[in-house]
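Trainee: For reference, the structure I am asking about is given below.
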Amino acid sequence: ACAATCGSVCYTSSAISAAQEAGYDLYSANDDVSNYPHEYRNYEGFDFPVSGTYYEFPILRSGAVYSGNSPGADRVVFNGNDQLAGVITHTGASGNNFVACD
């Protein structure tokens, strides 16, 4: 089952957890790959179920964990307490904005 659908891409809860874990591990080590994770400022005004500061990290359609190069369109968003805020995508959004994944 899809825990999040970004455009036509289905992400399972385990894929989301793996991306969040990889992003949070880098965040907590004060490290990054290709400038991810970085602070997500929520200019779009999403009503996330957890409070921020938020960080974004790519979640890849291939199922691999992001290790650099092209981040693709989709992101997991988590806070500094390693709580998942949501999954967002550039797919279907204008310019460099994000929309929520279903």
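Even glycines carry a Cβ here, placed using N, Cα and C.
The structure displayed is predicted, hence computed values, not measured ones.
Pulled from Swiss-Prot, these are the listed features:
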type	residues	note
DISULFID	CYS2-CYS10	disulfide bond
DISULFID	CYS6-CYS101	disulfide bond
ACT_SITE	HIS38	active site
ACT_SITE	GLU56	active site, proton acceptor
ACT_SITE	HIS90	active site, proton donor
Trainee: Quick one: give me the count of other CB atoms within 10 A of the CB of the residue listed as 'active site, proton acceptor'.
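Mentor: So the Cβ neighbour count for the residue listed as 'active site, proton acceptor' comes to 22.
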Trainee: So which active-site residues are near CYS6 (disulfide bond), with CA atoms within 10 Å, out of HIS38, GLU56, HIS90?
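Mentor: Of everything listed, what lies within 10 Å of CYS6 (disulfide bond) (Cα to Cα) is HIS90.
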Trainee: To the nearest Å, how far is the Cα of HIS38 (active site) from the Cα of GLU56 (active site, proton acceptor)?
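Mentor: About 6 Å separates the two Cα atoms.
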Trainee: Tally every other Cβ atom lying within 10 Å of the Cβ atom of CYS2 (disulfide bond).
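Mentor: Summing over all protein chains shown, CYS2 (disulfide bond) has 14 other Cβ atoms within 10 Å.
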Trainee: So of CYS6, CYS10, which of the disulfide-bonded residues has the fewest other Cβ atoms within 10 Å around its own Cβ?
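Mentor: CYS10, out of the disulfide-bonded residues CYS6, CYS10, has the fewest neighbouring Cβ atoms within 10 Å.
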Trainee: List, in sequence order, the same-chain residues at least six positions removed whose CB sits under 8 Å from that of CYS101 (disulfide bond)?
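Mentor: Result: ALA4, THR5, CYS6, TYR11, ASP74, GLY86, VAL87, ILE88, THR89.
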Trainee: Within 10 Å of each Cβ, count the other Cβ atoms, then let me know which of the active-site residues HIS38, HIS90 comes out lowest.
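Mentor: Among the active-site residues HIS38, HIS90, the sparsest Cβ neighbourhood within 10 Å belongs to HIS38.
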Trainee: Could you tell me the C-alpha distance between CYS2 (disulfide bond) and the residue listed as 'active site, proton donor' in angstrom, no decimals?
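Mentor: With the alpha carbons as reference points, the distance is 18 Å.
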Trainee: How big is the gap, in Å, between the Cα of CYS10 (disulfide bond) and that of HIS90 (active site, proton donor), rounded to a whole number?
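Mentor: Here the two Cα atoms are 15 Å apart.
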Trainee: For the residue listed as 'active site, proton acceptor' and HIS90 (active site, proton donor), what Cα-Cα distance in Å is obtained after rounding to a whole number?
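Mentor: With distance taken Cα to Cα, HIS90 (active site, proton donor) is 13 Å from the residue listed as 'active site, proton acceptor'.
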